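> Take a look at this one; I'll ask things after.
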Amino acid sequence: MGRGRPRKDTPAESDGPAAKIQRTKKQAIPLAALPKLSGNVLVCGQGEMGQLGLGEDVMEKTRPAVVAGLSDVVQISAGGMHNLVLTRHGKMYSFGCNDEGALGRETSEEGSEFLPKPIDLPGTCVKISAGDSHSACLLDDGRVYAWGSFRLGAIALGLKKQLARRPSDALQQRYTTADTRCRVGAPTPTAILRGTSLAVRTRRGYGESGTEELAPLIRSPSVFHKDSHGSMGLTLEGNKRLPIEVLPGNRWVDIASGCDHLVLLSDIGHIYTVGCAEQGQLGRVSIRAASGESRRGKTQLLQPGIVTRRGKMVTADAIWATTYCTFYKDAQTGRIFAFGLNNYCQLGIPNPSENVVKPVFVPEPTSFDEVLQIAGGQHHTLVLKADHRVYAVGRKEYGRLGLGDDVTEDAKTLQPVAVLGDKKVVSVSCGESTSFAVTDAGELYAWGMGSSLQLGTGSESDESKPVLIASKQVAGKVILKASSGGQHSLFLVQEPPTLSATTTTTTKKSKAVETPTATNGQTANGSSSSSTTTDKEEPATEPPAAAPTTNGVTEEKPKPTAGGGGRKRKLQ
């Protein structure tokens, strides 16, 4: 027995680190609720694994297209090659790759991965979160369920090569493609060709648009190799293809997924993390123990553990997760702390370092103060502040920062995205090398790498500055949210409320409906509200009387939300 005061028994039901924390405070943070605004889902990009949700015959979309069968959607989350969708009734749908069980449902029926299908949950869902090969959801009673798998082996070969998993139809194996900063000019794979041809479309010219050409898929360990660690499972028992509860007996108020890690916020402000720790993203595991080969094995990784700082449990009121990073806002000081990968200063810490394994205060001049939202990709981070201005930090390649073509160096501190300076931005999101912003007027701006068509511009060109997305499916509609995965993007679009031609209500009631309808259609996006989208008397989204004249910003401030991680499909 060790020295010191004996530890008190706790009523926690689970085993492991998190079960040892005793509840000593009353509930301080209210439980989460469903978002109020709803709409339809649009998708663009490449979808070899069904992540477009448009059926087996549609493998790519150059511009946003409607995903049929989904309505009244309040939240979207794009994973590496799968998607989660939440309706205003608390029902959850999934579609895309199910190799590791990320869809959370049976997919034995031919082609069922290519279409949205419901997930059976033991309650009403209020928030969703998708990572590389895992998914999670938060219920209205504070329970969290998760399924799928976390993965190890994101950095290997001893050369700090960034690896991206690629499914090969021909070999029925999962291979990784290596792209290293050590070799300027190394080809960056952008897509596996369907069929039996073992070839990838590559981009020559490191840090430039380059030219695309075909390159053979070879087994040489210096270029391609099978994932050395592979799936580490979701729990100590392995992958979970159906939802299981995370730490029963606890109450959670928020969740956030990185690429291969999950962050949970309890109702008393404690932060728990679980998953891969190779880049320090768990904030509680040393790099030596991150491989899962330490004395404690994978227990320290796959059993949710509490995050501490200087020996004390941290207390937070907001959390965010990017691909390999975690951020939280201290409940007492309001300061932002971070841990995870910082090789391009994406944590906001000016001194580049591979991994930050413990919470570190983000210092001046980066100044993450007064933050509404943090989102990020593999090597960059976007910060939305309380003044509704967008700032970027991290790697500059492919225009992901949105700072223009004249930028010659990576951003080591927050830089304002000037093009959006006169816009009131209410939401930001990121893919691996892509960025998106939504304004209070319902406008959608996109920038970054476009080679997989995930920007929605209709072109494969990269965009170094934010560009307004104004395709046919977007025009005349209010954009609520955007979410980007490995090679695809989702958009939540609110249809302007309209009156049906078959409406038989009285003139008095009709006038009461028409006034906010016209106001919403004109102030939200500058277009007429005369287009009819439904034959029902009431629209599928919110009733006209409650329809926002902006993108929800006048009703309530955007609640801090977490950034999702995507599958490491495209490495730069």
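From the backbone N, Cα and C atoms, a Cβ is placed for every residue, glycine too.
According to TrEMBL:
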COMPBIAS  516-526  compositional bias 'Polar residues'
DOMAIN    226-491  domain 'RCC1-like'
REGION    1-23  region 'Disordered'
REGION    500-572  region 'Disordered'
REPEAT    39-89  repeat 'RCC1'
REPEAT    90-141  repeat 'RCC1'
REPEAT    334-387  repeat 'RCC1'
REPEAT    388-441  repeat 'RCC1'
REPEAT    442-495  repeat 'RCC1'
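I would like each feature placed in context: is it buried or exposed, what are its neighbours, and how far apart are things?
Confidence annotation: the repeat 'RCC1' (39-89) carries a mean pLDDT of 96 in the model.
Counting residues of the repeat 'RCC1' (334-387) by DSSP class, helix then strand then coil, yields 0 helix, 28 strand, 26 coil.
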> Using DSSP, what is the helix/strand/coil residue split across the repeat 'RCC1' (442-495)?
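The breakdown for the repeat 'RCC1' (442-495) reads 0 helix, 25 strand, 29 coil.
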